[in-house]
Amino acid sequence: MSRVRSSSPSAAERALEEALARFRPLLSAEEWQALLEELKRPLAPALRLNPLKASPSDVQTWAEWYGWRLQPVPFCPTGWWVCEATYPVSQTIEHRLGYYYIQEAASMLPVELFDFSPNARPLILDMAASPGGKTTHLVARTSDRGLIIANDSSRERLTALRLVLQTWGAINLAVTGFPGERWGGWYPETFDAVLLDAPCSMQSLRPLESHPMRPISPGEQQRLAQRQVALLISGLRALKVGGQMVYATCTLAPEENEAVLEAALQRYPGVFEIEPVDDRLPAPAPALEATPDHSFPPQVRHAVRLWPHRFHTAGFFAARLRKVASFPSELVTTPPPKVRMPLAWLKPTEVRELYEALKRDYGLDLQPLLEIQAAGLLRRQSYLYAIPRAFEIHFGNLPVVTLGLALLESTPEGWTLTHEGMARFGRHCERGRVVLPEEMVPAWLRGEDVPLVVPPPWPASRVVVVTDARGRILGRGRVQRAQLKNLLPRRVVLQRAPLTS
Ligand SMILES: C[S@@+](CC[C@H](N)C(=O)[O-])C[C@H]1O[C@@H](n2cnc3c(N)ncnc32)[C@H](O)[C@@H]1O
C-alpha cells in the first residue's frame, strides 16, 4: 500500500488538517503529541495469512526468500507488518495465489473481535463486504466451515469482491448485491454473527491509496451517520438473540462511531449490549466517554478506538455487540426476493466416479476435504462448483451473484482442477505434478511456457500441478509434447518474477 498519490493533493492535505483540528479537543496534550509524532512515521504494509492454504511457518520461509523483516500485529495472530522488504509483498506468487492478503493492520481488528468456537459452523452476514478484505478474514477464522453471505450494495464493487474471494479459495460463501438495510426485515433473527464494516468518511488520519481522505461537510457526515444507524439496526434485527455483531469504521469521527452506537441504544433499549473486548488488545484503547459538548452512555466506552499512535496503525473504530433480546414485534418483516435457481447437484454415482478419477489422476482425496466444509458439488455449464449445502437450507431461492467456488472444469480428458481449485487443494495432490528446475521458475511466473526436460508419463494435454523443487505450488500447466503450456491466469502473472534464493 503506498501513500496517497491523489490528483488533488491539496484536497487530501486540507482534509487531514481539518480532521486534525476537529479531533484535537478529544485528546490530552500528551496524547496529541504522541499522535503528531506517529503521523510523521510511514505506515508499514501488513499481510494476513490464509490458513486454508498455508501456515505461520510458511510466513517465516517467505520472509527468508523475499528478504522481509516481519513484526507480528499484536491483535491478530495471523497478521504481520512487513517493516523492510527486498521484494514487495504485492509481487510474489504466494500473494497472487491467495496465500495471504495485504491489509492495513487496523483492518485486522474487527474480525478478531468475534468469538467463534472451534468447529462451529456459524451463519454470518458481512453486510458491506467489498472489496472483501474482512470477508477473507471471516473465512479464515471459521476455517471456511460456516456460511458467509458477503453482501455489498454497490454493483460496481462486486467484481472486486468476487475476485478477492475466488483468489482466497473460499467455498462456503455467497456474494449478494442488496442494500444492507433490507436484511433485517428479510431475515430477522437468522444469523449467528453479523459484520458491519460501515461506509464512512474515512477520516483515519493515515490516507492510503485504498483509503483516501477528502474534506467532509457536516451535512454529508450527518447523512453517513443516518445510514450507519439504519445499517446497524438492520444487522441487529438479522442477528439471532445471543448472536454477536461487530460494528466498525475506518474513521475517527465520533459522529460515525460512539454517536451511532448511542443512537441504536436509545432507539432500542435492552435489545443489545456493547461487550468489553480488552482481552483482544495488548493495551486498552477505549472509545470516548464524551466529546466537549456531549457525554455518551457508559457502555459505549467498551468499544475500541484505535488512534494511530496506540498500535502504529491507521485510525479505526470497532465494537462488539451482543443481542440480548428480540426487537419489538410490530417491526415489519418482508419476504426476500426470489429467483428460480434449481441447484443441479451431482448424482451420487457421478460424485463417486469423480472422486475416483481425481485419486487416479492427481492422488487427490477430495471427498474428506469437501465433507469438512459441508460442501456439495453441482454442475453449471462446463464447471463443477463446490457449494455450501447450508445455503439452500437457509436462503432457498435468494438471488446471488456467486455461490461457492468453481473447483473443477470439464476438458476433453475429463474433469481437471480449475486454477482456484489448484491454488486451494494443489498441495494435497500427490500425483500429476511437474517439478520445474529452479532456473525456469522466473520465466514460468512471468507467464511463459517452459520446455519439459524429462517428458512426463502422461498423455499430451493432461493438466498438471506445477511446483518448484521446494514443493511450492506454481499453478497449472498443460503437457504439450516437449513443453509445458503455462495456464496461469493473466492477473496472476508477475511482471518481475522474484528469485527466491
Ligand atoms: C468500508 S467499505 C467495506 C470494506 C470491506 N468490508 C473490506 O474489508 O474490504 C464499505 C462498503 O459499504 C458499501 N455500502 C455502502 N452503502 C451500503 C449499503 N447501504 N448497503 C450495503 N453496502 C453498502 C460500499 O459499497 C463499500 O463497499
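Here the Cβ of each residue, glycine as well, is placed from N, Cα and C on the backbone.
In TrEMBL, annotation is done automatically, which means it is predicted and not curated.
As recorded in TrEMBL:
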ACT_SITE  Cys250  active site, nucleophile
BINDING   Asp152, Asp197  S-adenosyl-L-methionine binding site
DOMAIN    35-324  domain 'SAM-dependent MTase RsmB/NOP-type'
Three-class DSSP secondary structure - Asp152 (S-adenosyl-L-methionine binding site): coil
Listed binding-site residues (Asp152, Asp197), ranked by Cβ neighbours within 10 Å, top entry: Asp152
Packing count at Cys250 (active site, nucleophile) (other Cβ atoms within 10 Å of its Cβ): 27
Inter-residue Cα distance where the pair is Asp197 (S-adenosyl-L-methionine binding site) and the residue listed as 'active site, nucleophile', in Å: 8
Reduced DSSP assignment, Asp197 (S-adenosyl-L-methionine binding site): strand
Confidence summary (mean pLDDT) of the domain 'SAM-dependent MTase RsmB/NOP-type' (35-324): 96
